[in-house]
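As given in Swiss-Prot:
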{"type": "TRANSMEM", "residues": "13-35", "note": "transmembrane segment"}
{"type": "TRANSMEM", "residues": "39-61", "note": "transmembrane segment"}
{"type": "TRANSMEM", "residues": "68-90", "note": "transmembrane segment"}
{"type": "TRANSMEM", "residues": "159-181", "note": "transmembrane segment"}
{"type": "TRANSMEM", "residues": "216-238", "note": "transmembrane segment"}
{"type": "TRANSMEM", "residues": "248-270", "note": "transmembrane segment"}
{"type": "TRANSMEM", "residues": "277-299", "note": "transmembrane segment"}
{"type": "TRANSMEM", "residues": "314-336", "note": "transmembrane segment"}
Amino acid sequence: MQNPREGMDLPQVIFSLVFIFIMIISSLWIMRPFFLGFAWASMVVVATWPIFLKLQILLWGNRACAVVMMTFSLLLVFIIPIVCLVNSLIDNSTSVISWLSSDKFRFPSLEWLQDIPIIGIKLFSSYQKLLNEGGAELITKVQPYMGKTTEFFVIQAGHFGRFILHLIFMLIFSALLYWNGEKVQSVIRHFAIRLGSKSGDSVVLLAGQAIRAVALGVVVTALVQGILSGIGLAISGIPYSSLLMMLIIIFCLVQLGPLPVLIPAIIWLYWNGKTTWGTVLLIWSCVVCILDHILRPILIRIGVDLPTVLILSGVIGGLIAFGMIGLFIGPVVLIISYRLISSWMDEIPAPNSLSKKSVQQLLFKKKN
């Protein structure tokens with residue numbers, strides 16, 4: 001019997017593997033500038049693919065018009081608001097820095113503290129004592145750091161050229177994926193089937209459902225909370241409400257919620273004696289926070305029938321591990337792992353559940 005290893009040329013195998021490895025690394029290195037844009041485009045296209053198909057039907061089956069409309073919609077949703085936000089931040093930075101560094105920056109009197117029952121007068125006297133004894137020194141120490149901190153954030157916001165470039169790549173790749181969506185899906189599913197047979201195909205379909213669930217449950221909820229919070233801030237008279245609204249949306253995406261922005265805004269209103277508007281914003285903030293616990297689980301269930309805790313854990317962990325793109329990568333990885341483990345366990349039937357009486361009988365027999 002002939003040994004199959006006799007015809008194996010070991011140096012040829014080694015050089016072939018080294019060559020394949022070098023080609024893969026070189027290809028990845030060449031495509032490295034496009035990874036982030038392509039990843040975002042993939043997530044956006046998968047999340048909005050049902051909308052794209054419905055739009056194509058409304059346009060009498062014209063794929064080109066549907067691609068143009070969806071790309072233009074993405075342009076309106078992503079590029080224009082971000083450019084306007086950064087320009088507004090840069091334009092208003094000079095006045096903010098000068099105000100923080102000037103002598104006009106003073107702590108308010110907080111006379112409304114006296115109206116608080118029982119402890120109001122004591123709080124007001126303690127606050128006035130703090131201002132009289134150490135307020136000036138505190139302001140002197142805080143002012144340089146506040147100005148420098150604001151300047152740092154403004155400088156970082158000014159370097160948004162690379163970010164805009166990634167967004168442009170995202171738009172280009174999104175248009176290409178919309179145009180060839182079925183072909184790309186077929187190639188990915190074929191590759192998955194080659195790796196894992198039928199389970200590989202189900203993993204690809206599950207990944208698409210997970211991305212849509214995150215887009216519906218997390219992104220849509222963050223947008224709704226941000227818009228409602230921005231309306232409340234604007235009505236209450238909070239300055240720079242549009243900038244704060246964008247900040248709230250970011251906080252909601254990273255699962256911190258709107259309270260890190262709304263609570264300081266409420267304190268600022270009470271601080272400046274606007275108790276009525278402070279109370280209004282407080283009630284509105286409670287409504288916005290309650291909406292998060294109602295809307296998000298419903299939207300996630302629409303996208304995929306999986307545990308909400310699993311998706312939210314993936315969102316938070318993915319953000320910490322991969323940044324903003326981890327918002328989608330984290331849930332996809334956890335959900336795929338969850339389904340693979342579940343399907344592997346389901347290959348063997350689960351043990352029969354025993355009643356309390358049966359368990360006691362078994363324990364009694366063992367003792368005897």
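Glycine residues also receive a Cβ, built from the backbone N, Cα and C atoms like all the rest.
Counting Cβ pairs under 8 Å to the transmembrane segment (159-181), the top-ranked stretch among 39-61, 216-238, 248-270, 314-336 is 39-61.
Away from its own ends, the transmembrane segment (39-61) comes close to residues 69-70, 74, 166, 169-174, 177-178, 181, 208, 211-212, 214-216, 219, 325, 328-329 of its chain (Cβ-Cβ under 8 Å, at least six residues beyond either end).
Listed as Cβ neighbours of the transmembrane segment (216-238) (distance under 8 Å, sequence separation of 6 or more from its ends, same chain) are residues 47, 244-246, 248-249, 252-253, 255, 257-258, 261-262, 265, 268-269, 274, 277-278, 280-281, 284-285, 287-288, 291-292, 295-297, 299-300, 302-303, 308, 311-312, 315, 327.
Long-range Cβ contacts of the transmembrane segment (248-270) within its own chain (Cβ-Cβ under 8 Å, at least 6 residues beyond either end) map to 112, 218-219, 221-223, 225-226, 229-230, 232-233, 236-238, 277-278, 281-282, 285, 288-289, 292, 312, 315-316, 319, 324, 327.
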